[in-house]
Amino acid sequence: MNIMRTAMLLAFMTALFMGVGYLIGGSNGMVIALLMAGGLNFFSYWNSDKIVLNMYGARKVDQHSSPVYYKIVSDLAQRASLPQPKVYIIDSAQPNAFATGRNPQNAAVAASTGLLEQLSAEEVAGVMAHELAHIEHRDTLTMTLTATIAGAISMLGNFAFFMGGQRNSSEHSHGAGALGGLIALFVAPFAAMLVQMAISRTREYAADRRGAEICGNPLWLASALSKIAGGGHTVYNEEAEHNPATAHMFIINPLKGEGADSLFSTHPATANRIAALRRQAEEMKGAMPKSMGWSEEENFHKKNSNLDYDGLNRSAQTSIFGNQENNAVQRIKKRPSWLRYEDSKRSRS
């Protein structure tokens, strides 16, 4: 069902791209846009990992340059029966991570220096297990394709607005060209953003659940999410701000503003994600390990090695996320009932 839904959403984005092409150049513009969409998808398929990793200046590490981080990823990949992905570090103070690649055999995971410095080994494992779940579900290809098309739609929207104004002034079309340009400039990128959200939100819940199964303890990921959400949006991520079409690839929305809990965000509310993970932990009960020994390795952040499980169990009701997260919970409660139902339905799936 998810595969069919994703295929339909990608088809809609391609049709939207063609519609913008039509506003620019009529039927010829529509055909050119279709060819461009095909070319972009083909290029993204073969180069998705290189595009994003180069964009964020990621540097590759191995068992010698970053032994504990690499071992965590390697151990989790074995537990998930996945090929060993390439492992990267991004020099950014904002705690965050993402996965990329066209398939499990050509995948890569990347974590920021901020994430590795602020999280315990078990919390890093929860985050990496989430990213490996995206690789296992082949979400990385879908997310890269949607980012590419959404970015192209925004670019064409700006071009269509400029061309529409030119046609209006030169052909005296009584505003038709300018109106079409306005539609392309504002409506098309907004619609593309909604499609990105529809793809990303559902997949984040699924990756959370599967990631918790891979690492063995849902509270590791829940604790990591609370720390990332609590401090991540106070740190400016210049690359993400310049490339907002890639925001949905991160475990937490890297953009400033209302962030990951906005109604128009690519990510579900962090409080909802943590609540779902807490329910999953209750289902697993005594079967969860509290440590896998990674914290005992040299050169990792031993000061963060103990998770506050009691504090985490109160996280959805207290101020652990700061004012931003509390406001997010209030916005969720004020949403229309049908939207709250959709969120709760996804968290249970």
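Our numbering is plain: 1 for the first residue shown, then up by one each step along the chain.
In case you wondered, yes, glycine gets a Cβ from its N, Cα and C as well.
Annotated Zn(2+)-binding residues in Swiss-Prot are His130, His134, and among Glu117, Glu204, Glu238 the one listed with them is Glu204. Taking a C-beta cut-off of under 8 angstroms and a sequence separation of 6 or more, Glu204 (Zn(2+) binding site) has the following same-chain neighbours: His267, Pro268, Arg273. Long-range Cβ proximity for His134 (Zn(2+) binding site), meaning a same-chain Cβ under 8 A and a gap of 6 or more residues, is found for Ala99, Thr140, Met143, Arg203, Ala207. One way to see the shell of the Zn(2+) site is to take the Cβ centroid of His130, His134, Glu204; the remaining same-chain residues with a Cβ within 8 Å of it are Ala99, Glu131, Ala133, Asp139, Arg203, Ala206, Ala207, Asp208, Gly211, Ile251.
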